[in-house]
């Protein structure tokens, strides 16, 4: 209607033409009415346009950026702690909750477990959650869903712990994380048959000889997963294997190397250096299940990625205004799209969660102290 009034003066001209067929005096007598009608219509048009412009500006200011209206801050965030700072009782409670998930039935496939569902979901979304802008936000949400499962299904009441591997960078295989009593068990059986990717069955600790349902596949542009029951497998790189490689991996998780990563000035430089450097060093050291997209088969995966999330959190806290909602990078795993253009990732992108939870926008998980996340690190 606005466009009709502005671009079609015939609506007004028709009245003028009708009165032109009358006497001159009649035309003169009705001119004030015509002018008044024209004035009223002009006022209406201008008022509507002005109102529309005001509404448009308000919508832009409210939704056109990612930081003008962030989620509300929570008042009492939970605190995630380093594994070795937990009491033996707290460590036992966490391990018991993880074991609980391994006995609950799957929602995806009969004969598998709820724990297996997290492995399945991680593998299915590999193109979006690795070597892409969403690498850090996706895993932050993934850890949240896992933590909620421990609480909702297994009665766990604490926060997800993390493994600060910089404390073990001089000797990763001696970390207390591998303790058979207060940890997750150690290396695979050195005398056993190789299961996958240099790994052998873990035979000590709370997850000894446990069965895992899924194996990850990577073909073409997409990641996939196949059903292939096998034992939890690890194959630590030790001095006798390759001293040069071991020294390199120890160097990648050293405090000085991690400090270099934290000094990166922007998100893309930070996440690219982090993912290919300190982050990747851990699966390359552990091998076995940990070396593939079905890495969550190993319960230590969650403590490893909680530390990854912690270091991102620390990087964000150095400049909250500039970094809390900063994201940049390819929208999908660029390694599997060679020769094809990969679009730029956006904070408005929806992250697929592999059936573990509703797909969610990246911007919803950027601030750990806001919205539904509500946690921080000690």
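Each residue, glycine too, has its Cβ placed from N, Cα and C.
In Swiss-Prot, the feature transmembrane segment is placed on 42-62, out of the ranges 21-41, 42-62. Classification of residue 139 (Cu cation A binding site) by DSSP places it within a helix. Within 10 Å (C-alpha to C-alpha) of residue 139 (Cu cation A binding site) lie the following recorded positions from 209, 279, 305: 305. The local packing around residue 130 (Cu cation A binding site), expressed as other Cβ atoms within 10 Å of its Cβ over all shown chains, amounts to 21.
For residue 305 (Cu cation B binding site) paired with residue 130 (Cu cation A binding site), the C-alpha to C-alpha distance reads 13 Å.
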